[in-house]
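Peer 1: Here it is, the structure, as C-alpha cells.
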C-alpha cells in the first residue's frame, strides 16, 4: 500500500502578484523551491490564510532571490497581493517509507526570504 505524505511545505509565503491572464500555475522563487525540494511542474496545494481557499496547481520556477509568489490564471481569483499562503507538495511512499519520511519545511518572512528551516513539524506548532 502507498500513502500520500506531505513532502515539502512553504509556510507563510506572501503573495507578490496575481496574474489572471497567464495560462495557469504558481510562480515561486527558485531558491525557495530548492530549499523544500519542489520541482518545476510539480503539483502543489495552496491554502490561503486570509480567505480559507484551497487550490491545486503546478509550479513554475521564478527568479532566485526575488521572493516571487505569483498565482497565475484562474488561481489568481483566489488571492490578493499581500495574502499569506501555505504551499504544500505531496509524495507517494510505501508504508515503511512513510514511517521515517521527513518533509522539508521552510518558514518565510514578510519579504519571502527564508527565515527558518524546520527539521519536522511538531503538533501544536505556533509561528
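Every residue gets a Cβ built from N, Cα and C, even glycine.
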Peer 1: The substrate site in Swiss-Prot lists 73, 74, 75. Which one of 57, 94 belongs there according to the record?
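Peer 2: Matched candidate out of 57, 94, per Swiss-Prot for substrate with 73, 74, 75: 57.
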Peer 1: If you draw a 10 Å sphere on the Cβ of residue 57 (substrate binding site), how many other Cβ atoms land inside?
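Peer 2: Counting Cβ neighbours of residue 57 (substrate binding site) within 10 Å gives 19.
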Peer 1: Calculate the distance in Å between the alpha carbons (Cα) of residue 57 (substrate binding site) and residue 25 (pyruvic acid (Ser)), and round it to a whole number.
Peer 2: 5
Peer 1: Using the Cβ centroid of 57, 73, 74, 75 as the reference point for the substrate site, which residues of the same chain not in that list have Cβ within 8 Å?
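Peer 2: Apart from the listed residues, the neighbours are 24, 25, 26, 55, 71, 72, 76, 77, 78.
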